[in-house]
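Report on one structure; see the data block that follows.
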Amino acid sequence: MLLLWQSRIMPGSEANIYITMTEYLLLLIGTVLVNNFVLVKFLGLCPFMGVSKKLETAIGMGLATTFVLTLASVCAYLVESYVLRPLGIEYLRTMSFILVIAVVVQFTEMVVHKTSPTLYRLLGIFLPLITTNCAVLGVALLNINENHNFIQSIIYGFGAAVGFSLVLILFASMRERIHVADVPAPFKGASIAMITAGLMSLAFMGFTGLVKL
């Protein structure tokens, strides 16, 4: 109703721009909060559990994943649109996307190693493991399945990365507080971490219906 009202009071071109920008904003919000890739789609759980013990490491991992996810989404879209479809080799999509992600991760690893050796050491094995992070491959494949255009692919990849980073940083903050709390012995370690992740997932259920994609 709001979009219809706006389209009536605005000139045609301005109304179209407004509607398009609104759709992009809703796509971003929906990807970050409503359809969070970790808590709703259960993708990227390995780094979510493995790199969330320290807040500093979680922030670094979130930044690296944001860069990789966004760039990989763009590269995957270009490969799909200008290589796989024109040549009729869509059956090589998964393998091609894995190669694209591996190249992007290698580039990211080189950048982090040069710019922040301390962060590179803190991330350790988890930085190259972004290659096998199912969230990165999942975003690339879902972009194709949803028939997103170039801009939508960028927004979808960026939104997925922001959603991943958000829950990773929140989870790391809570785990640091839990680490110094008086937790009963049977719940220490992975047990309390899984319970905390479950409570976070329930909290994010409150965003259900906020955006209908």
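The count begins at 1 with the first shown residue.
Yeah, the Cβs are placed from backbone N, Cα and C, and that goes for glycine too.
The membrane topology recorded in Swiss-Prot places Val83 on the side opposite to Met110.
Secondary structure of the topological domain 'Periplasmic' (80-86), assigned with DSSP and counted as helix (H, G, I), strand (E, B) and coil, comes to 7 helix, 0 strand, 0 coil. Averaged across the topological domain 'Cytoplasmic' (175-190), the predicted model reaches a pLDDT of 85. Taking DSSP states H, G and I as helix and E and B as strand, the topological domain 'Cytoplasmic' (46-58) has 9 helix, 0 strand, 4 coil. Just going by CB pairs under 8 A, the stretch in 59-79, 122-142, 154-174, 191-211 that sits most against the transmembrane segment (25-45) is 154-174.
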